[in-house]
Amino acid sequence: MLAGAGLLLRGFGTWARRPGLMALGAVPALIVGLAMLALLVVLSFQVGGWAAALTPFADTWDAVWADLLRGALALGILVGAVVLCVLTFAAITLAVGDPFYERISRSVERRLGGFAPVEERGFWASLARGLRDAAVLIGMAIGTAVVVFLVGLVPLVGTVLGLVTGAVLGGRALARELTGYAGDARGLTLAERRALLRSRPWRTLGFGMVAYLLLLVPGVAVVATPVAVVGATLLVRDLRGEPISERGTEPRPDQRRTGAGPRTDDPGAAVS
């Protein structure tokens, strides 16, 4: 998991190398992030009333038990809403800024080399791809939010379990979505990309959970969104055994031991 987290954090260095390009990637995140933050603020003021409206049967209970039930329900709604907002934020941001994020991913590929990318798509093709993937991610976000809400209703430990469940499920969804740029550059289908991520599940989860946690923080999310795209590109390269540093043209230590290396005959092949 630490290796996957490290790949994402390495993406912050791209702000020093390509500040202008990374700033372009931050603009969609800023706009969408402000909208999501406003929605969460409004929800935080309304959730208590919603919890009371959903539990009219508790009106006859002792006040302490009624408050505990409604408090747990309100927290469950909030935790589920946070998960939904994080994944929806990612989906909408990546859709709106798809041409920018594709350029960021391709700049990493050109700098590191090691494979011949397929032809770049035009602006409208990139936008259409972004909208399609956004719809898929929003669907996953709704399902994840429902699961987190239900887990959050568990007495005493529900809130903590909900947060952990949200980080795990949300992290997996983000890893699958963010690696789309590098996957498309290699002509990978969605099934091949999923198989690639499953080849090193803990590394993938470490990357996804750190990405999820960074996107939880409003100000950090703006800076971290293009960073996550860079990290996802590095993750795909790492899983396929391609160079992940400018000095990485030589085989990695694990490849020297096993004789492994990037496969050129199968675009979906992964190196464990």
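Cβ atoms are placed via backbone N, Cα and C, with glycine included.
Curation does not apply to TrEMBL; its annotations are automatic.
If you check TrEMBL, you get these features:
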COMPBIAS  243-257  compositional bias 'Basic and acidic residues'
REGION    243-272  region 'Disordered'
TRANSMEM  21-52  transmembrane segment
TRANSMEM  72-96  transmembrane segment
TRANSMEM  134-157  transmembrane segment
TRANSMEM  209-236  transmembrane segment
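Panel annotation: around the transmembrane segment (134-157), residues 72-73, 75-77, 79-81, 83-84, 86-88, 90-92, 94-95, 165-166, 169-170, 173, 177 of the same chain, lying at least six beyond its termini, place a Cβ under 8 Å from a Cβ of the stretch. Residues 14-15, 70-71, 73-74, 77-78, 81-82, 85, 88-89, 92-93, 96-97, 100-101, 103-104, 107, 218, 221-223, 225-227, 229 of the same chain sit 6 or more residues outside the transmembrane segment (21-52) yet have a Cβ under 8 Å from a Cβ within it.
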